[in-house]
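Quick look at what TrEMBL annotates:
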- 81-270: domain 'ABC transmembrane type-1' (DOMAIN)
- 21-42: transmembrane segment (TRANSMEM)
- 80-104: transmembrane segment (TRANSMEM)
- 116-137: transmembrane segment (TRANSMEM)
- 149-170: transmembrane segment (TRANSMEM)
- 191-216: transmembrane segment (TRANSMEM)
- 249-270: transmembrane segment (TRANSMEM)
Amino acid sequence: MSQKTEFTPHEKPHHRHPTNLVRHAVLILGSFTILVPFLWMITTSLQSKAETYTAQSIIPTSWHWENYLQAWQNAPFARYYLNSMLMAAGIVVGHLVFDSLAAFAFARLKFPGKKVIFIVLLAALMVPSFVTIIPAYAIVAKLGWIDTFAALIVPRLADVFGIILLRQYFSTIPMELDEAARIDGCSSWQIYYRILMPLAKPALATLAIFSFLFAWNDFLWPLLVTNAEDMRTIQIGLNGFVGRYGTSWNYLMAGTLTATLPSVIVFIFFQKALERGIAATGLKD
């Protein structure tokens, strides 16, 4: 008696497309170029000062954790951190408020010259920020704001990028919501903060992250408008480890790593919100 044996056909092996391999290779190479300097910064921060100039390996021969404490003692880092936090918080709040108000006007209101003004704003994105630094500094100095938080925050309470970002997001929200709200007796202000702002949370989160990173990492403007040590920000404070006769690389890297932590924490905890905001904010005519 013959017995039939049924063979289950095996699935064909999945061949990786060459394009995917190239894409992954590029991503790995890009990650490597970013992580190696970061790793070098960490290991240098744990070396002795002599070893930073003579070390033959990226791994320290002895681990000097006291470099972090010494860096904080050599400069008023607590004050630098506080100044940077206050400046960043003020700029973030300003961007969320003023950028969203301007974006609401461009996306939902009708007024003469709206398209022309918006085109001018788009053109302003192509103007380097260095062009406006001198007149901005002259205005701040004329107002007597040097060495004040007003000089650090007020000139940057609004941002063209934020206005355009939120305007594009507001444009994706159906106008029928506004019309229904007006039928119910809502004013433009009520439509703004009761309807559009709650719906725009992904875009607002994206703008807040970008604004914080911009303010936290800014160096040139705080350097121009602050002279007193107690008004310096963290980025300027790091420059104190660079001396005329030498640089304390271990302390500089320890301070730099400390200054980098807020940016890293923001990306780790708000990465999903950033991705949703960027994906949801599309261009709309």
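Just so you know, glycine gets a Cβ as well, placed from its N, Cα and C.
Using the rule of three or more Cβ pairs under 8 Å, pairs at least 6 apart in sequence, the transmembrane segment (80-104) is not in contact with the transmembrane segment (249-270). Among residues of the same chain six or more beyond the transmembrane segment (149-170), those with a C-beta under 8 A of the stretch's C-beta atoms are 83, 86-87, 90-91, 94-95, 98-100, 102-104, 106-108, 118, 121-122, 124-125, 136, 139-140, 143, 196, 200, 202-204, 206-207, 210-211, 215, 221-222, 225-226, 231, 233, 280-284.
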